[in-house]
């Protein structure tokens, strides 16, 4: 028996249509202004991928700790994992734009050896020459190989956790739990490494002179915040619409909110440390990255991140009454998702240069359209995959060994 | 008995004491407490306890710590003995931040502990429960509830019959 399609719950096909419209506009953008539109597309793609990878981390953390309170919401995270193969498909246009637009450096400028960076050709740039062991396109462990390996690993783990969890609904065997736990142990290491690699490749190499060893951790913190915010929204929606009403209680919400809070602090810690070390070291090959992000409108964006992505959520979620109520947490989850998007924009877009300066985004009205279209496209695909999976399986893992404890969760 | 502290009831299981606590709460008693060998989840609600005031101590401690850190770095580096290091400004919240946030955590922890002590009226060297013969059971496998004579609703006969109505296994008087 699967969850009944209730008329009050969303229709997956509708989300696919919305996503398709967004993606089509985004693809049109790639023909109009290929560089700007591909950067916007990259942002939309990173935003949705980071949500699904955050879900993958949450499922693995649940299994490795043999946790019980999160059993009730784990199934929704597993539903989101259904989107991972589609995230890989969403990456293909970025490959296409690199090799079929006439300029291989459209997105990742180092892929075009003739592109000019700080007045030098990439091929003559000693910093590039020293980094070619990592920054190469088709080497056996080059950029595209790494991308394929990463997506392969994520899809493998996503499928394993989904299969274990769904088969357990049928036969109730504890073996599935043990299998998931073992996969979580290996998966945490593999996904942590591959997700860091993705951060280095997809975002950091946009500006390949720059480097930060903390970047992978920042990417992890970012994805966890996004995934937790989405889980809060999903839980609130399913409680309001009925399926989880009376099952998902405020204690579960409190635990979820507390994790949101913890990762708010973690994100601040990582982001501050990265800035602080670069500020303190004061080496030009590191500081230029932040200097660009203090120019023009980006100064406002960085200040907005400090106060909007850290201080406000921190003070908000410091308060117990706000953490245990659905309306306040729904607001906070929306806020965090919005700010998380800003964070990705902040990390990606200023790497797009015009006359050696970051593109002034605000004065490019079309850019907003490409950005919104890319995000709507990604979200549409994500929610289509989620709701399709949702209707195929039960709302909670009913035969999980920990589900009894979880439902009685009262402290 | 002039120096009577209250009436003590003994229960066998956590469920019994939980239900008893709910009834005492609903009867409107104020000066009463429950003694159990281990924490019972849900007892806060059964006793009608409000949320603890400790977080208020914590926020005051944390804010104090943060301000202390910032002003200490400002005072030492930019005011009392100016030192220019590596061409950095004399004062910047950047390098004052690690110190400030460490002090935020330290002062929050101190304030929480202090708040917990104050609210629990600790250290408390004597409590009438220590005089009860079966005090050892309180930290072993029995569950106790007492209502103090200080309670505005306390009435020797009525309270005793009320407590007996909770079906305890034993009812005794507590001396001051």
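Note: Cβ is positioned from N, Cα and C throughout, glycine not excepted.
Whatever TrEMBL says is automated annotation, not expert-curated.
Feature annotation from TrEMBL assigns transmembrane segment to A:12-30, A:36-59, A:80-101, A:141-158, A:184-204, A:224-244, A:256-277, A:297-318, A:330-348, A:368-387.
Counting Cβ pairs closer than 8 Å to the transmembrane segment (A:184-204), the top stretch among A:36-59, A:297-318, A:330-348 is A:36-59.
The highest tally of CB pairs under 8 A with the transmembrane segment (A:256-277), across A:80-101, A:141-158, A:330-348, is held by A:330-348. A Cβ distance under 8 Å defines the sequence-distant neighbours of the transmembrane segment (A:80-101), meaning residues of its chain 6+ beyond its ends; these are 23, 27, 30, 34, 38, 41-42, 45, 48-49, 51-52, 55-56, 59, 107-108, 111, 144, 147, 151, 154-155, 158, 161-162, 227, 230, 377-378, 381-382, 385-386, 388-389. The stretch from A:12-30, A:36-59, A:297-318, A:330-348, A:368-387 with the most CB pairs below 8 A to the transmembrane segment (A:141-158) is A:36-59. For the transmembrane segment (A:224-244), the list of distant contacts is 3, 6, 8-9, 47, 50-55, 57-58, 72-73, 76-77, 80, 252-253, 256-257, 259-260, 263-264, 266-267, 326, 329-330, 332-334, 336-337, 340, 395-396: same-chain residues at least six beyond its ends, Cβ to Cβ under 8 Å. Within the same chain, the transmembrane segment (A:12-30) packs against the transmembrane segment (A:368-387): three or more Cβ pairs sit under 8 Å, each pair at least 6 residues apart. Comparison of A:36-59, A:297-318, A:330-348 by number of C-beta pairs under 8 angstroms to the transmembrane segment (A:368-387) places A:36-59 first.
Long-range neighbours of the transmembrane segment (A:36-59) within the same chain, counting only residues 6 or more positions beyond its ends whose Cβ lies under 8 Å from a Cβ of the stretch, are 22, 26, 29-30, 70, 74, 77-78, 80-81, 83-84, 87, 90-91, 93-94, 97, 106-107, 154, 157-158, 161, 184, 187-188, 191, 195, 198, 202-203, 219-220, 222-228, 230-231, 340-341, 344-345, 348-349, 351-352, 359, 364, 366-367, 370-371, 373-379, 381-382.
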